[in-house]
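This report refers to the structure that appears directly beneath it.
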Amino acid sequence: MQLSPERCRPMSENREAWSANSEEMELLHGSNRLSSPEHVRRRVSGNSSEDGSPRICRQQSFGRDIGHAAAETYLITRLSFNLLGYLGVGYRWITRLLALACYAMLLMPGFLQVAYLYFFSSQVRRSIVYGGHPRNRLDLYIPPTSDGLKPVVVFVTGGAWIIGYKAWGSLLGLQLAERDIIVACLDYRNFPQGTISDMVSDAAQGISFVCNNISAFGGDPNRIYLMGQSAGAHISSCALFEQAIKESRGESISWSVSQIKAYFGLSGGYNLFNLVEHFHNRGLYRSIFLSIMEGEESFKQFSPEVRLKDLNVRKAAALLPHIILFHGSADYSIPPEASKTFTDALQAAEVKAELVMYKGKTHTDLFLQDPLRGGKDELFDHIVSMIHADDSDALRNDAVAPPRKRLVPEFLLKLAGRVSPF
């Protein structure tokens, strides 16, 4: 069954249809049918009985998890070869590939711990299908408690528009779930499987799915936050702008911008005209970037900062939610100026917007090294405090929450920071 990019029916009408997708989708989705948290808890609590049947259930579940892990590993490997094929053999790419390999090895102790939880935690519902295209899946991170409706974060991961993958948001999802926040990490078609319009369409459809169905998982449809990191910040901001424009024109919509309480943009770029040469010099060559973005003639359409200057979209700008941009001052992958100029453009259009700049932080410090370090994390605390701002009980719980566990020794984090290609 193909789901219309503009419409997503209620979950109860589509539960059976979602299982009838392509072989590739079934390989990665496995037997992970859409089910509510109540079903998840019932399955987990059913692991004890007198006739010994739970052992068979656990063995079958373990086998499915192993199969799913193998399928996910295959996909990640294929994405890596996609990157290899499209970047070609150049000195910039080779040096960054070697640096990336060293970077990943240094952080491997943390990655392995996160991967184990991703594949085997009962709080993670992997590869829920939200649309009819390949890669139209999302992961849900569900808090351990089930009292009351929870706030929701829809997260669109980065990956240079080429290697984005929903599991990249697993650490964020696991940590926010511990603070009683549901997280939906969206997957989407990457280049060359799709170009920027496909990515934006996928993100919009994933957001629509969450808006229309998250209540079945204990999520509050009136407390949904949209967040994107790096390329994901660009894609999600484009999806948000497109939706606001459609809404301002009175077009048929399956979700409303008013359902998004706030937008968090982390280390993103929002003006393609200012980024093409920068990316070329860093190894994402101009020809590839133009192919991803459907040519320079499409730059304006997919540059939210530029579109704000168009008087025809000012009505749409008035519909946008509170926008908070986060950036590290030492980010060389996407210059911090990208968030500053976007904030200025938003404020000039009378959109409620603010910029939070983290001194000395790089592109990966905010999203990887700092969360792996454990303990206090300014970005994490800022996001949680904004989500829980109207919930006094949640704020009290946050104040006494135990410090987050360190996942990687400090000396490895420092070495990783030195060799990071980002």
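Just so you know, glycine gets a Cβ as well, placed from its N, Cα and C.
The feature region 'Disordered' is assigned by Swiss-Prot to 1-55. Taken from Swiss-Prot, the feature transmembrane segment covers 97-117, 152-172, and the record attributes it to sequence analysis. According to Swiss-Prot, the substrate binding site annotation covers Gly158, Gly159, Ala160, Gln229, Ser230, Ala231. What Swiss-Prot lists as active site is Ser230, Asp331, His363, and the listing cites a curator's inference.
Structure with Swiss-Prot features highlighted.
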{"residue": "Gly158", "record": "substrate binding site", "Cβ neighbours (10 Å)": "26"}
{"residue": "Gly159", "record": "substrate binding site", "Cβ neighbours (10 Å)": "18"}
{"residue": "Ala160", "record": "substrate binding site", "Cβ neighbours (10 Å)": "21"}
{"residue": "Gln229", "record": "substrate binding site", "Cβ neighbours (10 Å)": "26"}
{"residue": "Ser230", "record": "substrate binding site", "Cβ neighbours (10 Å)": "27"}
{"residue": "Ala231", "record": "substrate binding site", "Cβ neighbours (10 Å)": "26"}
{"residue": "Asp331", "record": "active site", "Cβ neighbours (10 Å)": "23"}
{"residue": "His363", "record": "active site", "Cβ neighbours (10 Å)": "23"}
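The full span of the recorded substrate binding residues, Gly158, Gly159, Ala160, Gln229, Ser230, Ala231, taken as their largest Cα to Cα distance, is 10 Å. Checking each of the recorded positions (Gly158, Gly159, Ser230, Ala231, Asp331) against His363 (active site), the C-alpha distance stays within 10 Å for Ser230, Asp331. One way to see the shell of the substrate site is to take the Cβ centroid of Gly158, Gly159, Ala160, Gln229, Ser230, Ala231; the remaining same-chain residues with a Cβ within 8 Å of it are Thr157, Trp161, Gly164, Gly232, Ala233, His234. Tertiary proximity for the transmembrane segment (152-172) is limited to same-chain residues at least six positions away from its ends with a CB under 8 Å from its CB atoms, namely 72, 75-76, 79-80, 82-83, 86, 110, 114-115, 117-118, 124, 137-139, 141, 181-188, 190-191, 196, 199, 203, 206-207, 210, 214, 219-221, 223-233, 235-236, 239, 264, 267, 284, 292, 367-368, 371-372, 383, 387. Asp331 (active site) and Ala160 (substrate binding site) are 15 Å apart (CA-CA, integer value).
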